[in-house]
Amino acid sequence: MALHLGIFLIWAGAFVFLQLDHVDGDTKTSGNCTVLEVKPDISQCTFPFIYCGQTFDNCTTSGSLLGTRWCSVTPNYDDDKGWKYC
């Protein structure tokens, strides 16, 4: 599959942060785990949740390419792949 990149600009005061992010259908990998999609913001974090075989009781930066805190929206991220930013 060819990698398609979306470009997003985020203004932070006088600085601009350029982020190349995946487009729906592409995947991002971190170690042995793959992040496939973000559930809509109406979804709530589910605690505890399992990610890469490890149990988390709070939002985590584990596997986050930008160090952004996230959580699973289901009890087992490894099975369901549903997540959102905290």
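Residue numbers in this text run from 1 along the chain shown.
Just so it is clear, glycine is given a Cβ too, placed from its N, Cα and C backbone atoms.
Neighbour density for C71 (disulfide bond): within 10 A of its CB lie 21 other CB atoms from the protein chains shown. The annotation disulfide bond is assigned in TrEMBL to C45-C71 (among others).
For C59 (disulfide bond), the same-chain residues that are 6 or more apart in sequence and have a Cβ closer than 8 Å to its Cβ are C45, R69, W70, C71, C86. Per TrEMBL, disulfide bond is recorded for C59-C86 (among others).
Residues or ranges marked as domain 'Fibronectin type-II' by TrEMBL: 40-86.
According to TrEMBL, the feature signal peptide maps to 1-25.
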Return the count of C-beta atoms lying within 10 angstroms of the C-beta of C86 (disulfide bond), excluding that atom itself.
12
Assigned element (helix, strand, coil) containing C71 (disulfide bond), judged by DSSP:
strand
